[in-house]
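These notes are about the structure you will find just below.
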Amino acid sequence: MLSKAHLGRASWTLTDQAIVSVGAFVVNVTLARHLPPAEFGVYALLVGAMLLLQLVTGSLLFYPLSIRRNAREAQDGRALVRATFVLTLLFCAPLSLTLAAVLLWAGRGDLAAGVTFYFAAWQLQEMARRSLMAELAHRTALPGDALSYIGQAAVVISLGLAGELTLSRAFIGMGACAAAAGALQLAQAGALRRGPVRLGRTFREFVALGGWSLLNGSLLALRYPLLAWTLALLNGPAVAGELQAAANVVNMANPIILGLCNIIPQTAARAHPEGKARAWQAARPYALVGAPPILVIYALACIAPGPILAAIYGPGSPYVQLANAVQILAVASALNYGTDMICSYLHGVDLARTALLINGAGMVAALALVPLLAAEFGLIGACSALLVANLIRLLLSQVLLLRTIAHDDQARLA
């Protein structure tokens, strides 16, 4: 049942995530409009690479912080935030160097400084906002997120209007916005206050909790990069850019999905001491809140993909021809919604292994189908492979959710 508390919390998290996603969406569209298709394809590949690297910090640092922060007393919580801040700094060094090395190896050393600066600033800001969200303080996180993501959009638009937009300048400007927002949110989260930093204990606890999450997140995050890299290998980077351009349409639903994924694990974790069924009862209303607008967005993408693409990229853009790809991705994303909500709940009740099984099944299907269908049918084939993989994930998630709750009920009655 949806209560005022559910609606109130959901409204702030959705508002905050809307700001994040709208900013990212505007950046993507502006770059697609101003950059040559091959250069936009490079951007799409870089975004995929950075998301993969963020799996390390997200799984081993940010996810454990989200689960453990709301279970600690205020003083212990601040110490946890300080330790996570230091660990994030330590993790950023090798991850940023990895990015720089890959760019130098690929002959794009001109992007190394901007990309590594943006990545490090992004990770520090993400650490701070996750700390605030762990306390369900989405309203507090909102100004910093606006500074970061709306600021990034403003920078990219300004560069485009001035005729000075390049990937290097875009990443430097976006990194500056993320750094400013990170400083604000780190102060709000208490990471900059003096106090004890229990680095060793925190690291051991986080690795124990986040190890399965890292494996799970790796499978989850590889879905789109697998499509993009396969298409780039078989058909060139411009086709990877087409995938990103088509995905931008269905990604308009991301504010809702990501917002709910930021609140469901914490809600389930708080109710978990009363049992897994009670935790699901506490988390499920948030998934129900998001379902109607999600279905409307995906339905519009299926019904009118051509006009939407023309409105986003301009009627003369080559991306207007991607209507069929948008329709397939919309159906695939609709199938994905329920699975993502269930997996968010499973992470909140310390069942990352179960979520790993769900995502592993989807990845096996994708690995089998993407190369085969992409080689034969190009972009349409790759999108179709993703649809089938998402259907498998959805069916398996429903079975495992029911089994998990039933087994927990039996154990509590025994």
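Here the Cβ of each residue, glycine as well, is placed from N, Cα and C on the backbone.
What TrEMBL lists as transmembrane segment is 43-63 (among others).
Sequence annotations record features per position, and here TrEMBL assigns transmembrane segment to 84-105 (among others).
Taken from TrEMBL, the feature transmembrane segment covers 167-186 (among others). Under 8 Å from some Cβ of the transmembrane segment (167-186) lie the Cβ atoms of residues 27, 31, 35, 39, 42-43, 46, 85, 110-111, 113-115, 117-122, 124-125, 127-129, 131-132, 141, 143-145, 147-149, 151-152, 155-156, 159, 192, all in the same chain and six or more residues away from its ends.
Residues annotated as transmembrane segment in TrEMBL: 206-226 (among others).
What TrEMBL records for 246-265 (among others) is transmembrane segment. Only residues 6 or more beyond the boundaries of the transmembrane segment (246-265), in the same chain, are considered here, and those with a CB under 8 A from a CB of the stretch are 9-10, 13-14, 16-18, 20-22, 24-25, 28-29, 32, 63, 66-67, 133, 136, 138, 224, 283, 286-287, 289-290, 293-294, 297-298, 301, 305, 308-309, 312, 319, 322, 325-326, 329-330, 333, 337, 340-341, 344-345, 347-348, 379, 383.
For 286-313 (among others), the entry in TrEMBL reads transmembrane segment.
The feature transmembrane segment is assigned by TrEMBL to 319-339 (among others).
Sequence-distant contacts of the transmembrane segment (351-373) (same chain, six or more residues past either end, CB-CB distance under 8 Å): 212-213, 215-216, 219-220, 222-223, 226-227, 230, 234, 339, 342-343, 381-382, 384-386, 388-390, 392-393, 396-397, 400, 404. Taken from TrEMBL, the feature transmembrane segment applies to 351-373 (among others).
What TrEMBL records for 379-402 (among others) is transmembrane segment.
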